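Reading through the structure tokens given below for one structure.
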């Protein structure tokens with residue numbers, strides 16, 4: 001029912017607001033948003049008088065004039081002026097231009113000769129401005145590169161001879177085209193292989209154990225070492241002969257700091273003893289998560305599928321929003337400049353109907369985006385549960401993921417719609433509060449602003465808590481088939497009973513996530529550098545920029561593997577309740593778990 005409500009609200013809402021005529025909504029035109037406004041307040045390309053003139057050319061006064069085409073070359077005998085000025089400088093009978101009068105008008109700011117421009121989004125941007133910005137950026141980059149090579153920036157001055165004929169940006173773009181195959185291969189392909197190898201590395205017996213406990217004991221050793229060093233320092237300072245360099249306050253400060261370090265060392269040791277079993281379980285969950293991702297490699301591409309689904313929704317959504325935003329009433333205002341002239345700017349005024357429609361579109365975006373995330377979490381949790389409870393792991397593979405997608409869409413879409421609806425409502429309320437905050441800034445009412453700020457903070461906390469609870473509720477739904485409310489209740493009490501274990505799993509997983517996000521792009525970039533240096537280095541202007549690009553691409557791939565909201569994070573969250581259920585099932589006779597698992601569709605057998 002909720003899934004049908006989401007579909008009806010989204011799809012039928014687009015039809016009602018976009019295709020069916022509505023007297024309460026004026027027809028929009030995105031050109032009203034993007035195109036410039038001339039000196040008389042007309043939108044270039046909109047309206048009968050300037051319909052054929054979509055581009056805007058700016059005059060010395062700061063105002064613009066709508067033109068059909070932007071001048072491509074500089075010509076001192078051709079001019080663009082205000083409409084009412086043309087008759088004064090142009091003779092229709094002879095077809096000649098009064099050059100003297102035209103230049104007089106140029107000095108007055110009413111005209112400008114044809115300057116070479118580039119059309120950027122219907123704005124005629126002067127090439128001289130582009131060249132100046134490009135040259136300034138090139139000089140800055142060259143200076144920084146020279147500073148890096150010299151190791152200092154004190155005695156280096158960039159002159160025009162230091163800059164090559166082709167700019168730094170052009171060189172980088174050329175290198176990207178030359179190395180596009182290697183960039184894609186190492187940034188995407190090799191990084192996936194490195195990520196898979198990283199997950200396999202975590203499965204090696206003893207690696208994760210030594211890594212986690214080594215870091216924990218390393219922190220303990222640092223605290224103990226700092227305490228010993230501070231205590232020895234205080235004793236050394238206290239034994240100084242007169243005249244003493246350090247005061248009694250400094251000596252006591254070092255001594256008391258050493259005591260604090262020793263106290264923290266003891267607390268850390270007690271925490272390690274208290275959490276030892278939970279850390280052991282967290283290590284086991286982390287290892288199992290790496291095994292699950294390796295056995296079901298299709299999970300790696302699931303964030304891409306979710307992004308594609310969101311993109312499909314955004315294509316019509318953005319179109320509708322652009323038309324809606326451009327349907328307001330345009331008003332013009334005159335702004336004074338420092339030179340004593342005025343420029344015309346446009347502003348949109350929206351009716352209440354337009355505002356309510358915009359709020360509807362915002363709510364539709366929140367609900368749809370959260371629904372896509374929720375479905376992904378349910379699918380991953382179901383695939384992980386199927387993998388974990390399956391006795392014959394050879395039957396598990398990408399088909400398990402596809403089966404989980406089918407089951408989730410048919411049986412759990414309503415649960416995802418319900419959970420995402422709650423988050424969408426909270427986000428919409430936050431957006432309304434943010435709108436009220438913006439409107440109350442000019443009132444200078446500090447009490448009201450403070451109250452609204454507190455409300456916004458509370459709503460932010462509520463949103464984060466509900467997202468965490470929803471994620472665990474979806475896992476309960478995927479494993480046991482509960483409805484959303486029942487799953488949320490079960491998830492809440494499961495977290496409450498195992499809060500320490502959840503904390504331990506979070507700490508251990510955070511270490512693995514950080515290492516993965518550093519190692520995967522770093523190894524991929526090093527391999528790219530070695531390969532490019534050996535094969536195409538002679539064809540490149542430099543290796544630094546494209547190596548940074550490979551690192552960035554590989555970093556996003558690493559996020560797909562390791563981020564909390566990525567595949568590895570979902571798998572880790574899904575394994576915890578599955579392990580808890582298996583611990584309970586292990587207490588019963590061997591015949592009971594099989595019946596139990598069959599009943600809840602957790603055991604996939606051919």
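Quick reminder: no glycine exception, Cβ is built from N, Cα and C everywhere.
Please treat TrEMBL annotations as automatic predictions, because they have not gone through curation.
Record note: among 450-472, 473-495, 473-495 is the stretch given as transmembrane segment by TrEMBL.
Among the recorded stretches 208-231, 256-275, 473-495, 507-530, 542-562, the one sharing the largest number of Cβ pairs closer than 8 Å with the transmembrane segment (409-436) is 473-495. Residues 176, 207, 290-291, 293-294, 297, 300, 516, 519-521, 523-525, 527-528, 531-532, 535-536, 546, 549-550, 552-554, 557-558, 560-562, 568 of the same chain, all 6+ positions outside the transmembrane segment (182-201), place their C-beta atoms under 8 angstroms from a C-beta of that stretch.
Note on the transmembrane segment (542-562): residues 171-172, 175-176, 179, 183, 186-188, 190-192, 194-195, 198-199, 293, 300, 303-304, 512-513, 516-517, 520-522, 524-525, 528-529, 532-533, 568-569 of its chain, located 6 or more positions outside it, place their CB under 8 angstroms from a CB of the stretch. Listed as Cβ neighbours of the transmembrane segment (256-275) (distance under 8 Å, sequence separation of 6 or more from its ends, same chain) are residues 216-217, 219-220, 223-224, 226-231, 234, 500, 503-504.
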